[in-house]
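K.L.:
Can you keep this structure in mind? I'll have questions shortly.
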């Protein structure tokens, strides 16, 4: 049943394709300006795994993770809020055989698709500029699905509590520090000791660590921990979102 929710989003996206650029452009600009520009001044970075890589190659996996995050957040917050509070689309859906869980799963799956497209396009850009270091990077785009799952589920859950567009300032207040401080531009070891556990608790850090391990060839069993974290967060988010939608629309 949730497939009908995805199909509706696909049809709507055909008329709003320009919105794709908003979530994709920022990580690409960061890669080109910081990764390549700063990379000319900082030629080598030592990863937390002890590998020496160029700065652009170090930053690229983090920007891919950020692309997946942006795609998921854009759909699971702004678009969901409009459908929930203004267009009342979910009210109409519940008049059909669709249930709250179908709506939650359908919206999350669509966010995964959009985040996956962002990640794929970014990966092709990274490949074109020569910052892909390993054949393991072929798994980077499928891995981005886990990042999208976590952020779309949590983002949609948070959206169910928002009352007006002003509340989206809180979304940016959370996303921007995550983007800048989740070991995206610097190895985890460069953070103060007290800050490292905080960084490691953030979902984007796990996405960055997963993508960096694959794109730099630092593959080990530890990557499964990052996958497990993201999947668990996504599962809890989907469950909580379906409960919230049921409470809001059937009360």
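Cβ from N, Cα, C; glycine included.
Annotations for this protein, taken from TrEMBL, read as follows:
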type	residues	note
DOMAIN	18-248	domain 'ABC transmembrane type-2'
TRANSMEM	20-46	transmembrane segment
TRANSMEM	58-82	transmembrane segment
TRANSMEM	103-129	transmembrane segment
TRANSMEM	135-158	transmembrane segment
TRANSMEM	170-188	transmembrane segment
TRANSMEM	223-241	transmembrane segment
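How about a rundown of where these features are and what they're close to?
P.N.:
Nonlocal intrachain contacts for the transmembrane segment (58-82), taken as residues 6+ away from its ends with a CB within less than 8 angstroms of a stretch CB, comprise 9, 19, 22-24, 26-28, 30-31, 34-35, 39, 45, 47, 107-108, 110-112, 114-119, 121-123, 126, 131-132, 140, 144-145, 147-153, 155-156, 158-159, 162, 165, 168, 171, 175, 178-179, 182-185, 187, 204, 207-208, 210-212, 214-216.
Note on the transmembrane segment (103-129): residues 2-6, 9-10, 13, 20, 23-24, 27-28, 31-32, 36, 56, 60, 63-64, 67-72, 74-76, 80, 90, 93-94, 137, 140-141, 144-145, 147-149, 151-153, 155-156, 215, 234, 237-238, 241-242, 245 of its chain, located 6 or more positions outside it, place their CB under 8 angstroms from a CB of the stretch.
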K.L.:
What parts of the chain pack near the transmembrane segment (170-188), using Cβ distances under 8 Å and only residues at least 6 beyond its ends?
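P.N.:
Tertiary neighbours of the transmembrane segment (170-188) are 34, 45-48, 58-59, 62-63, 65-66, 69, 73, 77, 155, 158, 196, 199-200, 202-205, 207-209.
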